[in-house]
Amino acid sequence: MRAALAPGVRLLRALPRESRYRGLTLVLTFLSYTSYHLSRKPISIVKSQLHPNCSALGPNPHNDSNSSTWCSWAPFDGDNYKELFGALDNAFLVAYAIGMFISGIFGERLPLRYYLSGGMVLSGLFTTLFGLGFFWDIHVLWYFIIVQVCNGLVQTTGWPAVVACVANWFGKGKRGLIMGIWNSHTSVGNILGSLIAGAWVSSAWGLSFVVPGIIIAAVGIICFFFLVEYPEDVDCSPPLHHVMPTSEKDPEAVTSNEGPLSLSDQSSADHSNSPKEAAEEPEAISFLGALRIPGVVEFSLCLLFAKLVSYTFLYWLPLYIVNVAHFGAKEAGDLSTLFDVGGILGGIFAGLISDYTGGRGTTCCVMLVVAAPMLFLYNHVGQNGIGTSIAMLIICGALVNGPYALITTAVSADLGTHESLKGNAKALSTVTAIIDGTGSVGAALGPLLAGLISPTGWNNVFYMLIAADVLACLLLARVVVKEARGWCGPMARQRGY
């Protein structure tokens with residue numbers, strides 16, 4: 001006698017065909033970028049183990065005269081260990097920032113599935129190689145620097161590919177909320193990376209890298225077998241990217257005679273729901289063409305400073321907690337995950353509000369304005385008690401990562417399917433890479449500046465972060481004014497003005 005069909009299978013069969021593929025795309029891209037961040041996080045956890053407080057562990061069993069650094073891992077056992085940690089961070093982040101501008105161009109011209117899965121397998125390889133430095137007893141700084149550079153370059157395959165895949169399947173209507181929830185992969189990856197790295201940081205820190213390396217490579221192989229790039233590839237209808245009526249479209253996009261692609265006018269009927277053929281595919285957008293899309297420059301520069309703040313926390317928060325609150329390496333790593341919990345909430349909130357108001361730039365600006373005083377308060381009262389520390393970490397995480405998440409997801413997808421592109425979807429990877437690549441410049445500067453400034457006191461590090469937050473807000477002024485005028489226009493018409 002056969003058993004009844006499994007409930008989960010019955011549920012899948014009840015869902016529309018397109019919904020099943022959309023769900024599969026969301027799950028696979030979510031897991032993909034979760035594993036990317038999972039593999040980036042261990043370095044921030046392991047830092048405190050590479051240069052711990054050896055005097056707290058007792059006398060040197062090897063009778064070395066230098067009892068304060070006998071347990072440190074060379075070459076990070078000197079007084080310049082913070083600068084060396086900054087060099088490690090920068091090796092990855094500078095390579096990532098440079099590679100990102102190139103990555104989007106390749107992403108438009110290569111199959112996204114091959115590009116993404118290949119990059120994930122290589123990311124797993126280089127992440128594992130960093131951890132093998134522990135087992136191979138490597139104490140040469142250049143080994144770790146070279147591995148970080150290579151890892152930074154191959155990890156640029158991830159973001160343009162996953163954003164392009166999701167934007168290919170989801171239209172503009174609920175994009176902010178959907179991508180806000182989906183973007184929690186960043187924080188989930190950071191949390192899992194902290195917990196996994198923390199499990200081995202005190203015993204064998206090499207496993208803190210080897211295990212995440214294996215995970216990201218395995219997820220990459222899964223994506224190779226199951227990811228669907230375009231709805232048309234499986235005979236599904238492409239989403240509607242523009243919901244505004246013609247009369248309310250962006251005047252810069254409608255009236256311009258020189259669109260980013262210099263395409264001739266064509267009706268939306270040219271983009272039918274039938275499967276796409278290679279001969280009908282439009283040409284990929286150029287780098288300069290992507291820069292001419294209204295809003296790309298403003299949001300890119302804003303993200304530079306927003307990501308500076310976010311990545312400084314990503315790489316330095318555990319060490320800050322160790323130095324200021326005097327927790328152990330594992331406890332500091334666990335506590336730092338609360339910042340990422342706040343990031344999940346902030347990304348969802350930013351997406352929901354921006355969908356409701358239609359003001360992506362205004363939502364980012366308001367959150368950035370509130371974030372500045374919260375950062376000041378966290379530095380001064382955030383360590384007054386475990387309850388205060390938990391609350392402040394969640395609040396700061398939401399306000400710092402909310403705008404960052406919104407810009408790198410919904411804003412990038414909106415601009416990559418802008419009206420001025422006249423339906424050409426061959427701009428998503430390039431636009432996403434430009435925005436995130438510019439942000440990655442800030443991500444490289446933040447940890448570097450933190451490494452240089454922290455010897456003068458943690459207060460100065462937070463002043464630097466607050467200044468970056470304010471600059472990010474100011475750079476969106478033009479977008480906010482434009483959105484405000486868009487809201488005032490319909491209100492004036494309703495009142496008869």
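Every residue, even glycine, has its Cβ placed from backbone N, Cα and C.
A quick note: this is a predicted structure, and the numbers were derived from the prediction, not measured.
Among the features that TrEMBL reports, compositional bias 'Polar residues' is placed at 254-272.
Annotation comment: TrEMBL describes 25-485 as domain 'Major facilitator superfamily (MFS) profile'.
Among the features that TrEMBL reports, region 'Disordered' is placed at 245-275.
Summarising the annotation, TrEMBL assigns transmembrane segment to 21-38 (among others).
Residues annotated as transmembrane segment in TrEMBL: 84-107 (among others). Residues 40, 43, 47, 50-51, 75-76, 78, 115, 141, 144-145, 148-157, 159-161, 164, 284, 287, 311, 315, 319, 429-434, 436-437, 440-441, 443-444, 447-448, 450-452 of the same chain lie 6+ residues outside the transmembrane segment (84-107) yet bring a C-beta within less than 8 angstroms of a C-beta in it.
The feature transmembrane segment is assigned by TrEMBL to 114-136 (among others).
Annotation comment: TrEMBL describes 142-170 (among others) as transmembrane segment. For the transmembrane segment (142-170), the list of distant contacts is 21-22, 25-26, 29, 32-33, 36, 39-40, 87-88, 91-96, 98-100, 102-104, 107, 112, 115-116, 118-120, 122-123, 126-127, 129-130, 133, 178-179, 182, 227, 229-231, 238-239, 408-409, 412-413, 416-417, 425, 428-430, 432-433, 436-437: same-chain residues at least six beyond its ends, Cβ to Cβ under 8 Å.
The transmembrane segment annotation in TrEMBL covers 182-201 (among others).
Look at TrEMBL and you will find 207-228 (among others) tagged as transmembrane segment. Same-chain residues lying 6 or more positions outside the transmembrane segment (207-228) and placing a CB less than 8 Å from one of its CB atoms are 21, 24-25, 28-29, 31-32, 34-36, 38-39, 41-42, 45-46, 112-114, 116-121, 123-132, 165, 193, 196-201, 234.
With a threshold of 8 Å between CB atoms, the same-chain residues lying at least 6 positions outside the transmembrane segment (296-317) that come near it are 40-41, 43-44, 89, 93, 190, 290, 336, 339, 343, 361, 364, 368, 371, 375, 396-397, 400-401, 403-404, 407-408, 411-412, 415, 431, 434-436, 438-447, 449-451, 454, 461, 465, 468-469, 471-473, 475-476, 478-479. For 296-317 (among others), the entry in TrEMBL reads transmembrane segment.
What TrEMBL records for 361-378 (among others) is transmembrane segment. If one looks beyond the transmembrane segment (361-378) by at least 6 residues along the same chain, the residues whose Cβ comes under 8 Å of a Cβ in the stretch are 295, 298-299, 302, 306, 309, 346, 350, 353-354, 392-393, 395-396, 399-400, 402-403, 406-407, 462, 465-466, 469-470, 472-473, 476-477, 479-480, 482-484.
Residues 159, 163, 166-167, 170, 172, 175-176, 179-180, 182-183, 186-187, 293, 295-296, 299, 302-303, 306-307, 309-310, 313, 335-336, 338-343, 345-347, 349-351, 354, 360, 363-365, 367-368, 370-371, 374-375, 377-378, 381-382, 428, 431-432, 435-436, 439, 469, 472 of the same chain, all 6+ positions outside the transmembrane segment (390-415), place their C-beta atoms under 8 angstroms from a C-beta of that stretch. Under the heading transmembrane segment, TrEMBL lists 390-415 (among others).
Among the features that TrEMBL reports, transmembrane segment is placed at 427-449 (among others).
Look at TrEMBL and you will find 461-481 (among others) tagged as transmembrane segment.
Counting same-chain residues at least six beyond the ends of the transmembrane segment (427-449), those with a Cβ under 8 angstroms from any Cβ of the stretch are 86, 89-90, 93-94, 96-97, 100-105, 107-108, 112, 156, 159-161, 163-164, 167-168, 260-261, 284-287, 289-291, 293, 296, 299-301, 303-312, 315-316, 404, 407-408, 411-413, 415-418, 421, 461, 464-465, 468. Residues 26, 29-42, 44-46, 48-49, 166, 207-209, 211-212, 314, 318, 329-330, 333-334, 336-337, 340-341, 343-344, 347-348, 351, 397, 401, 405, 408-409 of the same chain lie 6+ residues outside the transmembrane segment (182-201) yet bring a C-beta within less than 8 angstroms of a C-beta in it. By the Cβ criterion (distance under 8 Å, sequence gap of 6 or more), the transmembrane segment (114-136) is not counted as touching the transmembrane segment (461-481), fewer than 3 such pairs being found.
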